[in-house]
Amino acid sequence: MGLQTVFRAVILGAPGSGKGTVSSRIAQSFGLKHLSSGDMLRANIEAKTDLGVLMKSCIDQGQLVPDDVISRLILSSLRGLQQSSWLLDGFPRTVAQAEALDSVYDVDSVINLDVPFQTIRERLTSRWVHLPSGRVYNIDFNPPKKPGLDDVTGEPLVQRDDDSPETVSRRLKDYERQTQPVLEYYRSKGVLETFSGTETNKIWPRVHAFLTRKIPGNQQAVGKA
């Protein structure tokens, strides 16, 4: 097995907080395997699996996916990454999920993106996605090269039903209620690091500096992500 250091991290933040963007930059800069619960949900929904149909019903109603469903999905995927460093994006969202993860793996660091809910509401009303790939654009700060079209495929972008103002407000309330105990859980373990701000491009340099110090012997990619 050798002496390779494995680093396992979680990134937390409300829907629309920039988790996906920051996670991608972490993966590119530090070589961590990015495992997004959102990407996995979309893949199952598109494939119309039994779990996918159940999850779509929850999402369409602005509800969070049940603990047992999402935990089973994530932990199953992690089994194939025993020797890899990884970053979990969007999981865990509840203490039950955190305990399920903790019973199998030691989490080295938890990155919490603390973005004001008003900022998130404004972001999400400007958010458009390419459904087949899950690529996300924001008209204000991450627009597509051509309005309304995906940069890679040129296919049309759409706005998700769950980005409507009413659904967004309900999701944010659900997130706050369920996730605050998760933050306390990880804070008590001494692994929580919170980064506050309203702009992803200003939060990212602080996250980058933190992980540069935190990851032992990291093989950082050349240049900035």
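Each Cβ is built from the backbone N, Cα and C atoms, and glycine gets one as well.
All annotation found in TrEMBL is predicted automatically rather than curated by experts.
In the shown protein chains, 22 other C-beta atoms lie within 10 A of the C-beta of G20 (GTP binding site). For G16, S17, G18, K19, G20, T21, R127, V136, Y137, T200, the entry in TrEMBL reads GTP binding site.
Annotated region 'NMPbind' per TrEMBL: 36-65, in sequence order. Beyond the region 'NMPbind' (36-65), the same-chain residues lying 6 or more positions past its ends with a Cβ under 8 Å from any Cβ of the stretch are 20, 23, 73-74, 77, 88-91, 93, 131-132, 134, 161-162, 166-167, 170-171, 174-175, 178.
Within the same chain, the residues at least 6 positions away from Q63 (AMP binding site) whose Cβ sits under 8 Å from its Cβ are D174, listed in sequence order. Sequence annotations record features per position, and here TrEMBL assigns AMP binding site to S37, R42, Q63, L64, V65, G90, F91, P92, R93, Q97, R160, R171.
With DSSP classes pooled into helix, strand and coil, the tally for the region 'LID' (126-163) is 3 helix, 12 strand, 23 coil. TrEMBL lists 126-163 with the feature region 'LID'.
If you look up TrEMBL, you'll see 127-162 marked as domain 'Adenylate kinase active site lid'. Counting same-chain residues at least six beyond the ends of the domain 'Adenylate kinase active site lid' (127-162), those with a Cβ under 8 angstroms from any Cβ of the stretch are 16, 20-21, 36, 38-39, 42, 46, 59-60, 62, 168, 171, 199-201.
Summarising the annotation, TrEMBL assigns region 'Disordered' to 144-168.
Per TrEMBL, compositional bias 'Basic and acidic residues' is recorded for 158-168.
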Sparsest-packed of the listed binding-site residues (G16, G18) - C-beta count within 10 angstroms: G16
Densest Cβ neighbourhood among R93, R160 (binding-site residues), 10 Å radius: R93
Chain-internal residues, separated by at least six, CB under 8 A from R127 (GTP binding site): G16, V136, Y137, N138, Q159, R160, D163
Among F91, Y137, which are binding-site residues, the residue with the most C-beta atoms within 10 angstroms of its C-beta: F91
